[in-house]
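The domain 'FMN hydroxy acid dehydrogenase' annotation in TrEMBL covers 1-359. The glyoxylate binding site feature in TrEMBL is assigned to Y24, R165, H254, R257. Per TrEMBL, FMN binding site is recorded for P77, T78, A79, S106, Q128, Y130, T156, K230, S252, G308, R309. Residues annotated as active site, proton acceptor in TrEMBL: H254.
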Amino acid sequence: MALVSVRDYEKRAHEIIPRNALDYYRSGAGDELSLHLNRTGFDRLRIRPRMLQGGSTRDHSCTVFGERFSMPIGISPTAMQRMAHPEGEVANAKAAASRQVLFTLSTISTSSIEEVAKATPNAPKWFQLYIYRDRQLTEELVRRAERAGFRAIVLTVDAPLFGLRRADMRNKFSLPPHLSMANFVGKAASIRSQGGSGINEYIAEQLDPTLSWDDVKWLLGFTKLPVIVKGILTREDAIIAADLGVQGIFVSNHGARQLDSVPASIEALPEIVAAVGGRVEIFLDGGITQGTDVFKALALGARMVFFGRPALWGLAVNGQAGVEHVLDILRNELDLTMALAGCKTLSDISKDYVVHENYYSKL
């Protein structure tokens, strides 16, 4: 079967990835209500296309923190990518570089900061940070990212503990023995099950559950890189983050893997844009599977959207080339959506183009 959509790649990847890793990648927290909402949140939005707008080509390029990208689509941080493909994060980053989009490296990656930097020396990359109990270790991660040429720090703030991930508990998830936590060789414990989910046990041991806004201040105080806080779902937290001086906010529910019953990222986006959209850059991840999703998120105020799982599916199916094809699919779908909706540039995409499904029942 020809692979012509992200869903096609997802189905093929599910046949390839070993069950231990697949369940880790695809599962959500609790009963997975929020995982479902991440998809249906987009389904409940309707595009209001405008006709006869003219123009035969579209410009998808965008600028973030002074850097220009080919399209407003980037790759989110996802952990332990060598479980999906032997080249893991390196192949994913090279795919992003080849398509001139952003790649974000996870702290708990199976390819190191330095390996990814060496493979993509001139490509813009961001580094996702967890704050460890050992603050010196945490600061050294940031310093390594700075030295390696990463362009921003994405601080995950929604994971002082990991969520209730039942699939990992049932599988007694462990990182396969031939893989390692590449950023912590000789420094931090490996992810091996001690009877439950190895990833939850690792996080409980290594990360600081007392994480607070003071830690955001601490990070802002010593790095010169832009700081983006990832995991914001309310206007209240968005205002606090903007007041502290962060340069970006990632509207995200962590792939619906933390607290179940939280809103879909796309549902939370409008209130955060309304609260601080004029002060900081707003990004979104969670539930992106097609070009119409990208269009809807841009219309509601996101500067750029990110996805994690679709890149993993492409990686599992065909390594770097698979991720490149997934990016090409989304780019072509966004282009077609813009053409049929009547938008020549990203700046044309406004909130007038998208309404909730309830809009039509009230007419």
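Backbone N, Cα and C define each Cβ position, glycine as well.
Here the features listed in TrEMBL are painted onto the structure.
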residue	record	CB count, 10 Å
Y24	glyoxylate binding site	26
P77	FMN binding site	25
A79	FMN binding site	20
Q128	FMN binding site	24
T156	FMN binding site	23
R165	glyoxylate binding site	22
S252	FMN binding site	27
H254	glyoxylate binding site	26
R257	glyoxylate binding site	24
R309	FMN binding site	21
Binding-site residues near H254 (glyoxylate binding site), in sequence order, restricted to A79, Q128, R309 and a 10 Å Cα cut-off: none
Mean per-residue pLDDT computed across the domain 'FMN hydroxy acid dehydrogenase' (1-359): 94
Rounded Cα separation (Å) that holds between Q128 (FMN binding site) and R257 (glyoxylate binding site): 16
Cα-to-Cα gap, S252 (FMN binding site) vs R165 (glyoxylate binding site), nearest whole Å: 17
Proximal residue to T156 (FMN binding site) among binding-site residues Y24, R165, R257 (C-alpha distance): R257
Recorded FMN site residues P77, T78, A79, S106, Q128, Y130, T156, K230, S252, G308, R309, farthest C-alpha pair in Å: 20
